[in-house]
Amino acid sequence: MDVVDSLLMNGSNITPPCELGLENETLFCLDQPQPSKEWQSAVQILLYSFIFLLSVLGNTLVITVLIRNKRMRTVTNIFLLSLAVSDLMLCLFCMPFNLIPNLLKDFIFGSAVCKTTTYFMGTSVSVSTFNLVAISLERYGAICRPLQSRVWQTKSHALKVIAATWCLSFTIMTPYPIYSNLVPFTKNNNQTANMCRFLLPSDAMQQSWQTFLLLILFLIPGVVMVVAYGLISLELYQGIKFDASQKKSAKEKRLSSGGGGGGGSSSSRYEDSDGCYLQKSRPPRKLELQQLSTSSSGGRINRIRSSGSAANLIAKKRVIRMLIVIVVLFFLCWMPIFSANAWRAYDTVSAEKHLSGTPISFILLLSYTSSCVNPIIYCFMNKRFRLGFMATFPCCPNPGPTGVRGEVGEEEDGRTIRASLSRYSYSHMSTSAPPH
């Protein structure tokens, strides 16, 4: 049972030739043939169990790593921690209370559980969506507006934003505990069962509510994320082009001057951060200081710019791929259920006819997968998170200090190197103190 997937029904629970019931806010067919019913139930249990276990294990692991590993406590990871909590909440308060009543054809948990679970599920979906938006805006500020965003890119500000998203979500979803109730119905064997139903007083209110949810939980967040990640991708591509041109220019200058290319050993020290790992930049070695002291200011900056080009190029391409996956999977997981909700609110009969049975089960399952793919996208695909996982659990193979050396993260004490990814901001890069 999922609040966002509440396929609301105002009419009767029976529509020939197949009796349609809204059990636990899910459409199902009451008179399916026995072999087909058993086969579908087996597949449903298998898929639900797999997604449930993956979500619980993945999000629990994310929460554990982010809490126990001090170097993982960045601004971005604070949002990821909130996202993991909301995804875990969605899994725990959604999937069992959808699957079990679907199999039993009866909501057996009582009215209090019906109201509580609908409320928690609606809140978890809302928090997840708002966290995704907050992460996209935070990444936009860190990558596209690094100097301006430093004013508000702090852990305390992130905690305030997270607290606001949770409070706002709990407030928005207050209609669910108010209007969620158990509705009795008679099954084919003349036994009385219950459905957990979210019913507003009128069709107009239902349509308005579904339109409201469609806007604030899908359309508006989707547009914001597409725009934010689109601008980030554009900025990264500009940075890649700038890196390539700077590398070529620096190489030509070294060849023409007959100099030896120093600074190559420090390439990894200037690798751009993705915000998921916190690593102090090591002080320059004595040889590097001597090389820098014998060069002009412009030469130092050129070497710094060019030395990290290869590493930056790889890191930026990896970030772009991850951002594309984030946006695509967000729409893939949530577009079907939001579309079904709107269809259900405006054309109940047609929605019942086309969505009952397997289609709605697949749509619901697709929306549930969002709770398990987020840890994979944001953390498990990230090298720094894997290093944090290994540091948190000593039983895992330790990659050694070389695994984290030179991977500079986002520091908020002003001692790290801050550089924009675009050609317009490279001149602001400092190796001593943050720009003001």
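Count begins at 1; order follows the chain as displayed.
Here the Cβ of each residue, glycine as well, is placed from N, Cα and C on the backbone.
It should be emphasised that the depicted structure is a prediction, and the values quoted were computed from it without experimental measurement.
Among the features that Swiss-Prot reports, disulfide bond is placed at C18-C29 (among others).
Feature annotation from Swiss-Prot assigns disulfide bond to C114-C196 (among others). Using a 10 Å Cβ-Cβ cutoff, C196 (disulfide bond) registers 27 neighbours.
Annotation comment: Swiss-Prot describes N10 (among others) as N-linked glycosylation site.
Annotation source Swiss-Prot lists N-linked glycosylation site at N24 (among others).
In the three-state DSSP assignment, the secondary structure recorded for N190 (N-linked glycosylation site) is coil. Neighbours of N190 (N-linked glycosylation site), defined as other CB atoms within 10 A of its CB across all chains, total 6. The feature N-linked glycosylation site is assigned by Swiss-Prot to N190 (among others), with sequence analysis given as support.
Per Swiss-Prot, S-palmitoyl cysteine is recorded for C395. Using a 10 Å radius centred on the Cβ of C395 (S-palmitoyl cysteine) and all shown protein chains, the other Cβ atoms total 6.
The annotation region 'Disordered' is assigned in Swiss-Prot to 252-280.
Summarising the annotation, Swiss-Prot assigns topological domain 'Extracellular' to 1-41 (among others). Taken as a whole, the topological domain 'Extracellular' (1-41) shows an average pLDDT of 42 in this prediction.
Annotation comment: Swiss-Prot describes 68-77 (among others) as topological domain 'Cytoplasmic', evidence class sequence analysis.
Under the heading topological domain 'Extracellular', Swiss-Prot lists 105-115 (among others), citing sequence analysis as support.
Sequence annotations record features per position, and here Swiss-Prot assigns topological domain 'Cytoplasmic' to 138-157 (among others).
The feature topological domain 'Extracellular' is assigned by Swiss-Prot to 179-210 (among others), with sequence analysis given as support.
Taken from Swiss-Prot, the feature topological domain 'Cytoplasmic' covers 235-321 (among others), and the record attributes it to sequence analysis.
Here Swiss-Prot flags 343-357 (among others) as topological domain 'Extracellular', drawing on sequence analysis.
As annotated by Swiss-Prot, topological domain 'Cytoplasmic' applies to 382-436 (among others).
According to Swiss-Prot, the transmembrane segment annotation covers 42-67 (among others), on the basis of sequence analysis.
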10 Å Cβ neighbour count around C114 (disulfide bond)?
27
Integer Cα-Cα distance in angstrom, N190 (N-linked glycosylation site) to C196 (disulfide bond):
19
Is the transmembrane segment (158-178) in contact with the transmembrane segment (78-104), using at least 3 Cβ pairs under 8 Å (sequence separation of 6 or more) as the test?
yes
